[in-house]
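*Asks:* Sharing the feature lines straight out of TrEMBL:
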- 18-40: transmembrane segment (TRANSMEM)
- 46-65: transmembrane segment (TRANSMEM)
- 72-90: transmembrane segment (TRANSMEM)
- 102-121: transmembrane segment (TRANSMEM)
- 133-153: transmembrane segment (TRANSMEM)
- 159-177: transmembrane segment (TRANSMEM)
- 184-209: transmembrane segment (TRANSMEM)
Amino acid sequence: MIDTAPAPAEVTQTAPRWWLPVVVLLLGAGGGVLTEWLQGVLDDPWAAWANSVAAWCLPAFAVGALAGRVRVAVVAAVATELLLVGSYYVSQYAQLLPVDGVTVAGWLVAGVLAGVVFGVAGHWWRAGEPRTAVAGAALMSGAVVGEGLYRAVAFPWQGSSGAVMAAAGVVLAVLLGRTWRQRLTVLGLLAAVVPLAWLGTVVVDAAFATW
């Protein structure tokens, strides 16, 4: 049963105006560089965490939650995703690694889509009515669970990493709920969100495999 308790008042400003762009820059530019570095440090299958689609959606969710209005959440989240992609490939280019323009363009498009979806999800979770708050939490945690299960099943050599990722998504679902009723609702919504996340992961993998 969905929690119908009164929601927090609309967040008009969750932080000073200068703070959100700083967070976007740190998470976006810093996250892309960190991802590229971790891929060279972590051993397989744990290196998969360093370039996880769901993991790159988390910063969009975070800045969306910090934004005071949904439009600001979308802009901030999209900017974060574009910075993630850009800084990742700039890091590769700086190391004289090959960078394919079509692949970069594909990830930029994916970043815009992820920014819109998860920026709104973050804003819903932080400032929305109870129904939209649990929906936002389910979208984010379901993305993590879905990708983890996909990795565990589709790529046996990533099985341990995928299982841990799926478990982390369940923990995230519990943490994002504000009451036990909300937590149970979010966990219930995973039954609908996880298949969509699985399908999204399949589509992304298939799209980039053709390029």
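Even glycines carry a Cβ here, placed using N, Cα and C.
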*Asks:* Mind checking which residues of the chain, 6+ beyond the ends of the transmembrane segment (72-90), have their Cβ under 8 Å from one of its Cβ atoms?
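*Replies:* Distal contacts: 20-21, 24-25, 27-33, 35-36, 56, 59-61, 63-66, 99, 104, 107-108, 111-112, 114-116, 118-120, 122-123.
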*Asks:* Check for me, if you would, whether the transmembrane segment (133-153) reaches the transmembrane segment (18-40) - at least 3 Cβ pairs under 8 Å, residues 6 or more apart in sequence.
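*Replies:* Answer no, regions not in contact.
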*Asks:* Among 18-40, 46-65, 102-121, 159-177, point out the range having the most Cβ pairs under 8 angstroms from the transmembrane segment (184-209).
*Replies:* 159-177
*Asks:* Under an 8 Å Cβ to Cβ limit, what residues of the same chain, 6 or more beyond the ends of the transmembrane segment (46-65), are close to it?
*Replies:* 14, 20, 23-24, 27-28, 31, 35, 38-39, 73-74, 76-78, 80-81, 84, 110-111, 114-115, 117-123, 125-126, 136, 140, 143-144, 146-148, 151, 158, 161-162, 165, 169, 197, 200-201, 204
